[in-house]
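Colleague: Summarising the annotation, TrEMBL assigns active site, electrophile to His85. TrEMBL lists Glu154 with the feature active site, proton acceptor. Taken from TrEMBL, the feature substrate binding site applies to Gly160, Ser199, Gly220, Gly221.
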Amino acid sequence: MNGLRAQGEALARGLAERAAASGPDVEWLVCPPFTLLAPVGEALEGTSVALGAQDCHPQGQGAYTGDIAADMLRDLGCAYVIVGHSERRHGHGERSELVRGKAEAAARAGLKPIVCVGECERQRVAGKTLAVLEEQLADSLPDACPEGLVVAYEPVWAIGTGKTATPADVEQAHGHIRGLLAHRYGEAGRGVRLLYGGSVKPGNAGELLRTPDVDGALVGGASLKLDDFWGIGEAAA
């Protein structure tokens, strides 16, 4: 819940200009708040930077005041939508079954769902990380693999805290997720892109993005500053 129109437009234009000048080595996606989707989408029109949203409702229409449907997001030019972010799961009490409904709604609307999973500090200390990931994925993913599905591993204890999972932690978690996806979806599961999210910064992005089974980053606070966001992308190139 950051940024007003001028800030969002400036960041989008700056990112698009740099991306155009540097070539296609990195795939960029911006997921602004709902209020900025239209102006940011206009700023990105005709560029290589994709537009996404931060959430959607599992229903396509109806009396759901304050919510937004996946079809509405698609109509605004979105290609992706984040579902199951830890701040939705823990801050709004969203269960995995609801996340699954949102992912299914996104797929029906032609959006690529970014399904987020991750353990909290208590679960990590108890040695339950892999079990939590297995349970969340089992309940959050649609039966059939949606086209363009992305899974983001975001350990809750590392989000906005300055703490970062070690490359060994990330490799173990992503390897487990990859195996679960392959078991569930077969060959399609092996092609699902896996993102890491949790205090990703220019200073640690290179090491994290070189970790096996890490295909990209789900960037939080660092994405609010163009130089920091760009620095993370440069580490991925």
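Using the three backbone atoms N, Cα and C, a Cβ is placed for every residue, glycine included.
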Colleague: For Ser199 (substrate binding site) and Glu154 (active site, proton acceptor), determine the Cα separation and express it in whole Å.
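Modeller: Ser199 (substrate binding site) to Glu154 (active site, proton acceptor), Cα-Cα distance: 9 Å.
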Colleague: Work through the recorded positions one by one (His85, Gly160, Gly220, Gly221) and name whichever has its CA nearest to the CA of Glu154 (active site, proton acceptor).
Modeller: His85
Colleague: What whole-number distance in angstrom separates the two most remote CA atoms of the substrate-binding residues Gly160, Ser199, Gly220, Gly221?
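Modeller: Answer in Å: the longest Cα-Cα distance is 8.
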Colleague: Take the C-alpha atoms of His85 (active site, electrophile) and Gly221 (substrate binding site) and report the distance between them in angstrom, rounded.
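Modeller: Gly221 (substrate binding site) has its Cα 14 Å from the Cα of His85 (active site, electrophile).
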Colleague: With Cβ-Cβ distance below 8 Å and at least 6 positions apart along the chain, what are the contacts of Gly221 (substrate binding site)? List them in sequence order.
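Modeller: For Gly221 (substrate binding site), the qualifying residues are Gly160.
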Colleague: Output, ordered by sequence, the same-chain residues six or more apart from Gly220 (substrate binding site) with a CB under 8 Å from its CB, or 'none'.
Modeller: Ile159, Gly160, Gly197, Ser199, Val200
Colleague: For Ser199 (substrate binding site), list the number of other Cβ atoms lying within 10 Å of its Cβ atom.
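Modeller: Ser199 (substrate binding site): 21 neighbouring Cβ atoms within 10 Å.
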Colleague: Suppose we draw a 10 Å sphere around the Cβ of Glu154 (active site, proton acceptor). How many other Cβ atoms does it contain, all chains included?
Modeller: 25
